[in-house]
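Asks: First the structure, then my questions, so here it is.
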C-alpha cells in the first residue's frame with residue numbers, strides 16, 4: 001500500500017506532476033482547497049463507519065465471518081514485508097514494461113474491488129429491498145480430497161440480495177477497467193479501506209503501538225530516504241490510493257491534476273481507532289471518549305500533513321504526523337483518567353467469540369493430591385449433590401479430621417438424597 005500524501009499542483013515533478021513542469025497551469029487556491037478537503041473527508045468516512053462495523057463483526061457468532069486478528073508478531077514483521085513488497089514493485093516497474101504490469105494488476109484489483117464494494121454496500125442495499133423480495137440462499141463449496149481427508153477450500157454462503165449487490169459492483173468494476181476514471185478508483189479505494197478497518201483487528205493496544213511505530217519508520221525512510229514510494233505511487237495504476245483533481249473547477253470530471261492519499265494512511269490508523277472504540281465499549285460507561293479522541297487526533301495529524309506538504313511542495317509521509325497524534329492523544333487522556341493499565345491490558349480477541357465458555361475464576365482446593373484425585377473421580381462417576389447449607393458442615397468437609405466422621409456425613413447425605421427421590425417418584 002502506498003502510504004504518502006502526494007501533491008502534484010503547480011506542475012511539480014517531485015510531487016507527481018509532469019516532468020517538464022510546464023504542461024499544466026498552476027492550480028487555483030479554490031481547487032487546491034477542494035481537493036485537500038475532499039481527501040480528508042474521504043479518509044474519515046471509512047474509518048468512522050469501518051470502526052462501527054468492526055464492533056458488530058467482533059460480536060458475530062459465525063466462525064466463517066470472524067475478523068483477522070493481528071498479533072504482536074504479525075505487527076513486528078509487517079514493516080519488513082511491506083518494504084520488500086514496495087521494493088519489488090519498484091524493481092518490476094524499472095525492469096519490465098509498465099503497461100503489462102498495470103494490465104495484470106488491473107485484472108487482479110478488478111476482482112477484489114468488486115467483492116469489496118459488494119460487501120460494503122450490502123448492509124445499505126438491504127434497506128431498499130421490499131419485504132416480499134424473493135430472497136434465496138446459495139452456497140459455493142469447493143473441497144479437496146474425499147472421506148475423512150476432505151478439506152474445505154472455499155465455503156461461501158450468499159443470497160439473492162448479495163447477487164444484486166455483486167451486479168451493481170460489477171458495473172463500477174467494468175467502468176474502472178475500461179476508463180480508469182478517478183471516481184471508480186475512489187469507490188474501490190473506499191471499499192478496500194472500510195473492509196480493512198472492519199475485518200483487520202488488533203488484539204491489544206501494545207500490538208497497535210508496535211505496528212504504528214514500525215510503519216512510522218517505514219514511511220519516513222521510503223519517502224524521505226528514497227524516491228521509491230513516490231515512483232510506485234505514480235506508476236501503479238490500481239485503486240490503492242484515493243485521488244482528487246485540483247483542476248476540477250476548470251475541467252470538470254475530466255480533470256487530471258490529482259492530489260493523492262495512500263490507503264495505508266487510512267487503514268493503519270483506522271484499525272487502531274477501531275480498537276479504541278471496542279475498548280470504550282468494554283468499559284461499559286456509555287461513552288466513546290477514546291474513540292472520539294483518536295478520531296480527532298487523526299483529523300489533526302492528516303490536516304498537519306496536508307499543511308506541511310503545501311508549504312514545502314513535496315510529498316509527505318503521512319504516518320510521520322498521524323502516528324504520534326493517534327497514539328499520543330489517547331494515552332494522554334488515559335493518563336488524565338487513570339486508565340492506562342486498563343487500556344494496555346485490554347484484549348480485543350477475548351470478545352471475538354463471546355459464546356465460547358471461559359474460566360473466569362479458579363477454585364480453591366485443599367488436601368493431598370491423592371484425596372483430590374479421589375474427589376474428582378467421585379464427581380465424574382456419581383450423581384451431582386447439593387452443597388450442605390450448614391456452615392459447620394462446610395467447614396468440616398473442607399477440613400476433615402476423622403475419616404469415620406466424613407464417611408458418616410456422606411452416608412447421611414446419600415440417604416437424604418434417596419428419600420427425596422422416592423418422594424418425587426410418588
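Residue positions begin at 1 at the first shown residue.
Keep in mind that glycine also has a Cβ here, set from the backbone N, Cα and C atoms.
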Asks: Between 238-257, 258-277, 338-357, which stretch does TrEMBL give the note transmembrane segment?
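Replies: So the range that TrEMBL calls transmembrane segment is 258-277.
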Asks: For the feature transmembrane segment as recorded in TrEMBL, pick the matching range from 75-93, 132-150.
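Replies: From TrEMBL, the annotated transmembrane segment range turns out to be 75-93.
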Asks: In TrEMBL, which of the ranges 169-192, 289-312, 361-384 has the transmembrane segment annotation?
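Replies: That would be 289-312, per the transmembrane segment entry in TrEMBL.
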Asks: Looking at the ranges 318-336, 394-412, which is given as transmembrane segment in TrEMBL?
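Replies: Here TrEMBL associates transmembrane segment with the stretch 318-336.
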Asks: For the transmembrane segment (33-55), what are the same-chain contacts with Cβ under 8 Å, counting residues 6+ beyond its ends?
Replies: 5, 27, 67, 123, 186, 189-190, 193-199, 201, 242, 244-246, 248-249, 258-261, 265-266, 269-271, 273-274, 277-278, 281, 291, 295, 298-299, 302-303, 306, 310
Asks: Same-chain Cβ contacts of the transmembrane segment (318-336) under 8 Å, 6 or more residues past its ends?
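Replies: Sequence-distant neighbours of the transmembrane segment (318-336): 3-5, 208-209, 212-213, 215-216, 218-220, 261-262, 264-265, 268-269, 272-273, 276, 289-290, 293-294, 296-298, 300-302, 304-305, 308, 342-343.
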Asks: Top stretch among 75-93, 100-121, 199-224, 258-277 for CB pairs under 8 A with the transmembrane segment (289-312)?
Replies: 258-277
Asks: If we skip the immediate neighbours and take only residues 6+ beyond the ends of the transmembrane segment (258-277), which ones have a Cβ under 8 Å from one of its Cβ atoms?
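Replies: Sequence-remote neighbours of the transmembrane segment (258-277) are 1-9, 16, 32, 35-36, 39, 42-43, 46-47, 50-52, 54-55, 70, 182, 189, 192-193, 196-198, 200-202, 204-205, 208, 211-212, 215, 219, 233, 240-246, 288, 290-291, 293-295, 298, 301-302, 318-319, 322-323, 326-327, 330, 348.
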